[in-house]
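Down below is the structure, laid out as structure tokens.
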Amino acid sequence: MNRVELSQQIIDTCLEMTRLGLNQGTAGNVSVRFDNGMLITPTGIPYEKLTPDHIVYVAEDGSFEEGKLPSSEWLFHLTCYKQRDDINAVVHNHAINCAAVSILNKSIPAIHYMVAASGTTEIPCVPYATFGSTKLAEYVEEGITKSKAILLQHHGLIAGEVNLEKALWLAHEVEVLADLYLKILAVTPDAPTLDDESMQVVLEKFKSYGLRVEK
Ligand code: 13P
């Protein structure tokens, strides 16, 4: 896919993220791996005003095109691509339930088998650091090596996947899990969880889940 097509896909993903109720205003950002670097949303422009021309190319050394300003979170996006070969698209948002769980500083344990969609048995919450900071990118580096979805304390969610469609799907699934977790926490502080053996079975099944047979 060429740059303009990918840029349009980024914008479509942003608009869909808002439509799904996962984000609002200028919160959140979206990127896709491209040409040894990435294409990423610009900083502070509402999604509905974006055109492919606004999308910024950031090289692997962090340099970017003159006359454009990438998302303030460009460093943690780049970090996700450097840390994992299986991530080609990254979605960040301030989804209400994910943000609420992050404010409680809780990781999402194996309360439901869908936690395994993150590629592991627990969706970690990484410590708070100022948005756009090197410190936050360091925490993200640690978290994303463990899980394709992570909560950022007092902030929101990051989800990375093989493409934009799957990254948004994962972000939506984690928001549903966070909603579920909050409902359980309202009843008991000790949420029942699946045992490790059961989760390993699901992790194995997820390796082929959703694969299509080419015709
Ligand atoms: P940007 O507009 O710079 O992408 O910032 C939004 C955000 O959510 C920061 O975490």
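Just so it is clear, glycine is given a Cβ too, placed from its N, Cα and C backbone atoms.
Annotation source TrEMBL lists domain 'Class II aldolase/adducin N-terminal' at 8-182. Confidence annotation: the domain 'Class II aldolase/adducin N-terminal' (8-182) carries a mean pLDDT of 97 in the model.
Thr43 (substrate binding site) carries neither a helix nor a strand DSSP state and counts as coil. Taking a C-beta cut-off of under 8 angstroms and a sequence separation of 6 or more, Thr43 (substrate binding site) has the following same-chain neighbours: Leu69, Pro70, Ser71, Ser72. TrEMBL lists Gly28, Asn29, Thr43, Gly44, Ser71, Ser72 with the feature substrate binding site.
Sequence-distant neighbours of Glu73 (Zn(2+) binding site) (same chain, six or more apart, CB under 8 Å from its CB) are Asn29, His92, Phe131, Gly132, Leu136, listed in sequence order. Positions annotated as Zn(2+) binding site by TrEMBL: Glu73, His92, His94, His155.
The active site, proton donor/acceptor feature in TrEMBL is assigned to Glu73.
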*In whole Å, note down how far the CA of Gly28 (substrate binding site) lies from the CA of His94 (Zn(2+) binding site).*
6
*Spatial neighbours, same chain, of Gly28 (substrate binding site) - Cβ under 8 Å, 6+ residues apart*: Cys14, Met17, Leu22, Val91, His92, Asn93, His94, Gly156
*Using Cα coordinates, what distance in whole Å links His155 (Zn(2+) binding site) and Gly44 (substrate binding site)?*
16
_Among His92, His94 [binding-site residues], residue with fewest other Cβ within 10 Å_ = His94
*asked:* Is it possible to get the count of other C-beta atoms within 10 angstroms of the C-beta of Asn29 (substrate binding site)?
replied: 25
